[in-house]
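Asks: What TrEMBL records for this protein is below:
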type: DOMAIN; residues: 156-259; note: domain 'LCCL'
type: TRANSMEM; residues: 107-126; note: transmembrane segment
type: TRANSMEM; residues: 287-320; note: transmembrane segment
type: TRANSMEM; residues: 341-358; note: transmembrane segment
type: TRANSMEM; residues: 378-395; note: transmembrane segment
type: TRANSMEM; residues: 416-434; note: transmembrane segment
type: TRANSMEM; residues: 446-469; note: transmembrane segment
Amino acid sequence: MFGEGPEYGSRVYIPPLLDSERSDDPDASDIVPEESSYIPVWLRESSKSFRWGWVPLPIRKAARATANWVQGPDPPHDLLLKPLFPRLQELPVRYLERFFPKRKHKIALLSLLYFLWFLPWTTILLHSRSAGYIEGFGRPQTLSCSTSLWEYGNECGLNGNDCRPFTAATLPFRCPANCKHAKLLEPHMVGNQTYSYQGLVVGGPQDGSAPVYRADSFVCQAAIHAGVITNAIGGCGVLQLEGATHSFPASKQNGIKSVGFPSTFPKSFSFISLGSSQETCPNDPRWPLLGITIAALAVLWIFCTSPPVLFASAFFMLFCQVGLVSDPPSIPQFADLVSSLLARLLPASFVAFVLYRYCARPLLHPLSEPVYQVTKTFLYLPPAFFGALNNYTFARLIPLERLTPHDIQRQPGAKAALAMVIPTVICIILSQAWQIRQGGLMPRYLKIYCTMGLILLILLPLPGLRLRIHHYILAILLMPGTALPTRPSLVYQGLLLGLFINGVARWGFASIIETPAALGEQAPGPGGAHGWWGGTSPNITDWSVNITLPDAGREVYHGNGNITFTLWERQRMADLGVDGISVLVNDVERWRGYLDEDEEGEFTWHRHGHSGLELQHRPSIQGDVQDDDKPEDVFFRFAFLKGAEAGKYGGAGVWLEDGQWISPAPPTR
């Protein structure tokens, strides 16, 4: 049959396969005799699998090679790490077994360790929160690093009435440590300047006088700026409300740079100078309490071999350390802080159980022999603390607050940080993937991560929502890849556990998908994209502004007068589904207008020096004020209203002191 006929001499002879060259493909057919010395390639391939015969031969070969590579070596390699100095590492457990051989003894020792951690830890924490007294002012109120006396936008209500009092009041306060590094996570406008990803202190000393700060400043940062407290240990002080102040100069003191504001703001504050004997204020306890937690966990991990005890203890102690002391939420009242911690701890415990069951136990159980005690202690715990103290570690090293395209474009240094982080993460993932393949586990991990990827792909195009990967979610996604008893896995899993704890204890279980409003994205374009109506703002042009100034011959300041805005854009407002406009004057809401109540949609501001910018009990807009002070720059900002909710305020238009008008930048759509 084969080799006969006139074309026989032109055929290529194919030698028989050696034993080492024979295919291990289980789909290979047995009908072809192995002793055949001359079988064409097309016949050998076609006989292997009739099911996949329609697939081109090169693709089938590549698929078989890939499948064989994914399966890994046969037999799989043993991934268990080899301990260094095993006799030395097992000494702590040997001595424990010698003096406390029974199980009940070990349970008693574990309970004693928990008690010796809990008693001093809670005692110091409660003392720092409840103790403290300032003579003449009483017990100080605990503030968070981002506490201010004024809400952003229009949250203080018309004329700021929801943020009273403006003057004639004092507040004794206590600030935690490390407030110097508190940052604005959203753009914050002061006049016509926008600030983000930095602290917020507006004002400072002027002409040798005591420093005065605008009420929306972070109080604790202002106290550091004024030298009342220090960043390292925090401290106590007393602020005094000063009412309206007409200028806030920028300055740099004590490592904090304040920003300026050249106009009037109705609420400001200064700090009262206190004598050394007048105040009793405990220092911030975060570093002593951190030392207690480190000591307790180090002792436990050196002497205990039980994986569930080690993991659960590290999780619970670190969660309390982060959520109450090292990086707590911005909740001033201690009772509310404890309530918030417990509300987050319960669901976090269920997640931690799943992480232990499928990630930590495969890692720690093979290392439960005493010869691994020191190795797993020093490779797991330090990275766990490094990740849990994210506000001191990654937040300082990597200037990237949120992993969203909008924030990456906006935050300074974010792109450079990503250029560093992404290659590092890819190298780590590839190294772990190689170890997974060597252990013969690649097919199972491909199923896990393909499922995760499919879920993310489903969430990505959901209408009206944006996918956002928080760092606690990133830790959950990556931790399965560390379930290998290797040294790198110990380091990576400890780090990811710390990041998970920090993310949940500090920020809670933030959603993996968020609305455009929560992310501050722009409104939908003409094509009808799913955006937020409040992401855009009214379009204020020169045509919508009318200014009336006094005659040049009158004995009044020329810059004083009236400015009128024609605000309604009926077609655009109908397309956006909004029903009104809010106006900020010098960052204070002074007017709200609604389409169904105001046909003309005109807003008029009368400038008579400082009048109207510092009013306490009178209407804010008057036309018959007799006082005629020197005019100052006035800043106007506008936002759409939908019911009582205001969108984002646009850029500031400036009415200069000489009467000229500078229009704000047009909205993005």
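Any Cβ shown, glycine's included, is placed from N, Cα and C.
What TrEMBL says about a protein is an automatic prediction, not a curated fact.
The structure displayed is predicted, hence computed values, not measured ones.
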Asks: Is the transmembrane segment (287-320) packed against any residues at least 6 beyond its ends, judged by a Cβ distance under 8 Å, and which are they?
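Replies: Residues packing against the transmembrane segment (287-320) from afar: 92-93, 96, 110, 113-114, 116-117, 120-121, 124-125, 177, 326, 341, 345, 348-349, 352, 356, 360-361, 364-365, 368-370, 373-374, 376-377, 380-381, 384-385, 388-389, 497-498, 501, 504-505.
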Asks: So what's the average pLDDT for the domain 'LCCL' (156-259)?
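Replies: Overall, the domain 'LCCL' (156-259) comes to a mean pLDDT of 92.
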Asks: Take the domain 'LCCL' (156-259) and count its residues per DSSP category (helix H/G/I, strand E/B, coil), listing them in that order.
Replies: 17 helix, 38 strand, 49 coil
